[in-house]
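The block underneath contains the structure these notes are about, expressed in structure tokens.
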Amino acid sequence: MNTTVTTIEAFAKLLKNRSTAVQIIESFFVLLINVASFSGNLLLGIAVIKNPDLGRSVTNMYIITLAFSDFLLSLLGIPFSVASLIVGKWPFNNFACQLQGFWILLMCAISLQTLAVTAVNRYFRMVHSRALYLKIFNAKTTRVTIAIVWLMALFAPLPYLVAGHEFTFHPAKAFCAHNAESLHKGYGAYLVLVYVAIPLIIIITCYTRVFIVVRKTQSTLPISNSRQKPIQALRD
């Protein structure tokens, strides 16, 4: 515990004592990333509002969900870090720190789980029959799946707070996150397994299978048909 505190204090001094050039460069690039994420996802949302048909495709539903979570992260997550990089310390109160820690963890969990579900969607579209795909991935089941993803994501930050822990500002990362002590109690292992390892395994497995099927299709069909079928399937 003392080692952890000493390390945090050391990084806090480094953050505070950065040169003006480093301070400007770091703040600029993080701000640039935040503005790009905010504006890009906002434009996508506007496009969907103006063209409702875009949101009716199953694939687009997942894309919109991913964009919405990224938009919320750029709205209530990254701006706190930008301010911290500018002033060289955490300039807000404890509530803001808890909000950022909760929000970043929630949105990241949603993003990774959405990517995993999207990979499963692509797997069924490319590997199995279209009839089975349409039976499983219709508008209703897709909405239910998205709701489950958001509900499951809540169990990333909530157990930590319910257990009485608080997020703390990490100067080396410039954002609020869980402290090292809680990781020793299994919380870190839980997060990595459920919200990182399992989604990544699903993503890699599904897209590897899709890649194999596409390659096999291209080798067995005429050139014109082998190109058209995978492209059409990926659009559905």
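From the backbone N, Cα and C atoms, a Cβ is placed for every residue, glycine too.
Taken from TrEMBL as is:
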| type | residues | note |
| --- | --- | --- |
| TRANSMEM | 28-49 | transmembrane segment |
| DOMAIN | 40-236 | domain 'G-protein coupled receptors family 1 profile' |
| TRANSMEM | 61-82 | transmembrane segment |
| TRANSMEM | 102-124 | transmembrane segment |
| TRANSMEM | 144-163 | transmembrane segment |
| TRANSMEM | 187-212 | transmembrane segment |
I need to check the long-range neighbours of the transmembrane segment (61-82): which residues 6 or more away from its ends have a CB within less than 8 Å of a CB in the stretch? 27, 30-31, 33-34, 37-38, 41-42, 44-45, 48, 55, 92, 96, 99-100, 103-104, 107-108, 110-111, 114-115, 117-118, 121, 139, 142-143, 146, 149, 174-176
Mean pLDDT for the domain 'G-protein coupled receptors family 1 profile' (40-236), rounded to an integer? 89
